[in-house]
């Protein structure tokens, strides 16, 4: 009997640690569904692993396993932060890994909340799994200004189901991915219960029908390209190393690089675009340079956009900005209306919360240019070559609702300027590009992305890359890109239809549960 008890305890012990192993492996696998790997089916594999551990009968095991899943997922998924914290923030490698782990542990709270709610409400329905996940992802993208990085919907941009995005956005695509994974999970679980043959068949049929309809939705085009309004755009990629970018001794070298890239293309293209904070000094300090740029642009009829660091002379705010030169309707001047100022700033990168307390603690809280202030949440379009551009600077492009709110009736293009040199040769810039592509697909507008070290691209209104410059070289990329006319359902309604459907699913599920309880009592 003692031997039998030992065997049973050993099996129980092994089962628990097998669950932990499944959690870590499936969490890590989830990252391979995102760019640059793009193995999109692994999103479903990762979520199946999460559902397996979340449904563990013992709540404490389920919660710990979910934490391990999330640590594997987020530690690997945001590992690119090590580059900026260690190499450019001056933190030791140990401190850098600790801070990334701390962020991952915080982000793990949201999947753990998912598991807690699944256990608390004894969830079995696939659609309710998706509703709860949508709630926790909403919270992750909102609390403390939000960090909606690594949403599973992004992995599906190159899958057969990408057509969901123009209707329900990346949130809807995430909902579908979780729902489909939950249906598969319930399907596999039902196979081991002979009494549930009808449930097996119902789940299989439902998955086939909805999966087929979702794949078919990719054939629906809500917008069309207007080729006769195409303009030639040149992206100037200076490839300035981040450790040199803010070095005062390298300023004139940076200026010379961009002067050369601009001069080579003046008169040969309609519009030249430089990346985020292209020139590492206050725009106000080199006003004569921009006045010269204005004259050259007007003479050659090539308009220019530049990412700058600008101090508003009225408010005194330090702003991450985009200015234009050569526009006959908006001549260059520091306080021109034809300017965009970044609204959604990067915590600790562009501003430091609790600044007076944190800055003295460690050099990691003293990154270059970490004292910006926010521009308005909704701003006018930038105008160049009689075309309207809806801008987002760097990190802002991951906030789909903010980008949607800045879309105007006359918007021709989405524009994003970035400096991904902060993240070196890591997976970060590729994930960032994938999210930018999703904005184009959701809103049905072509996207232009100008960066310092790459990845500079032109993207069509279906989220497909039209032209791409290599990373880490000084170069220009020119493409004749046409605007798109029409509206996607998501561009008009945003996330409200999905949230309304989620609420409806919850109400129906609650009503059915109530009816079942009443019938059992009777």
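Quick reminder: no glycine exception, Cβ is built from N, Cα and C everywhere.
Annotated range for transmembrane segment in Swiss-Prot, selecting from 98-118, 224-244: 98-118.
Note: the Cα of residue 342 (active site) and the Cα of residue 394 (active site, nucleophile) are spaced 9 Å from each other. Most Cβ pairs under 8 Å to the transmembrane segment (127-147), among the stretches 61-81, 98-118, 164-184, 197-217, 495-515, belong to 164-184. When the alpha carbons of residue 394 (active site, nucleophile) and residue 276 (active site, proton acceptor) are compared, the span between them is 7 angstrom. If you draw a 10 Å sphere around the CB of residue 394 (active site, nucleophile), it holds 25 other CB atoms from the protein chains shown. Same-chain residues lying 6+ beyond the ends of the transmembrane segment (61-81) with a Cβ under 8 Å from its Cβ atoms: 16, 19-20, 22-28, 30-31, 34, 46, 49-50, 53-55, 96, 99-101, 103-105, 107-108, 110-112, 114-116, 119, 149-150, 423-424, 426-429, 431.
Counting Cβ atoms from all protein chains shown, residue 276 (active site, proton acceptor) has 24 others lying within 10 Å of its own Cβ.
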